[in-house]
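Notes for the one structure printed next.
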Ligand code: DX5
Ligand code: ZN
């Protein structure tokens, strides 16, 4: 499957989000990953659809919203109207993941479901008929810069075995080494936040990750 990079701006300076996204797009990333936290599903609060809308003019890469929120469906319209082509919500935030995937697809949005490290993989398999992307968290959601949880790769292996054509994204603790591990397990979309922010430039960080992708 085609490998794609989906950098998160979470670890970038909030005063420089625009410059960061412009640089990432110039570096050729396929997606930009927006970590939306509501102070409820996870303790921190980040940003909302207004930020996505304000950056949409920068280019055509896929903008994906990772909704770490309660009642994710109450935010679908705002992120759709802001220009997201893909919305990922957490399985743990709703008893109706299947219906919410249907709703996203009806609106022409690619539907993604995220799993916390403690959530069993079955949750993904049960909605695979209406799913475009499975996001396997490889840290506990809420903060950048945490250590990659290798045990979560078992879920990636299971999903890839059951769903050969599904986009499988990993999120948390991704650097060139862990990207390689996740790719070997079957993932094909890679979020990276703090690794990129720690590189001399975002562009050089993207190049290092790309080298592992190809
Ligand atoms: C964590 C977020 C991640 C995070 C990734 O809750 O979903 O997208 O920003 O950051 P790193 O790469 O630092 O783990
Ligand atoms: Zn994320």
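Every residue, even glycine, has its Cβ placed from backbone N, Cα and C.
Some features that TrEMBL has for this protein:
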BINDING   8, 66, 171, 172, 173, 193, 194  substrate binding site
BINDING   33, 35, 66, 171  divalent metal cation binding site
ACT_SITE  35  active site, proton acceptor
ACT_SITE  171  active site, proton donor
Secondary structure of residue 194 (substrate binding site) (DSSP, helix/strand/coil): helix
Which of 35, 171, all binding-site residues, has a Cβ with the fewest other Cβ atoms inside 10 Å: 35
Where the C-beta lies under 6 angstroms from ligand 2, the matching binding-site residues among 172, 173, 193, 194: none
Binding-site residues near residue 35 (divalent metal cation binding site) (Cα-Cα within 10 Å), from 8, 172, 173, 194: 8
Residue 33 (divalent metal cation binding site) versus residue 193 (substrate binding site) - Cα distance in angstrom: 9
Cβ packing number for residue 8 (substrate binding site), 10 Å threshold: 24
Distance, residue 33 (divalent metal cation binding site) to residue 194 (substrate binding site) (CA atoms, angstrom): 13
Around the Cβ of residue 172 (substrate binding site), the count of other Cβ atoms that are within 10 Å: 26
Largest inter-residue Cα distance among 8, 66, 171, 172, 173, 193, 194 [record-listed substrate binders, Å]: 16
Other same-chain residues whose Cβ falls within 8 Å of the Cβ centroid of 33, 35, 66, 171, the recorded divalent metal cation site, in sequence order: 6, 8, 10, 34, 64, 88, 135, 191, 193
Residue 171 (substrate binding site) to residue 33 (divalent metal cation binding site) - Cα separation in whole Å: 10
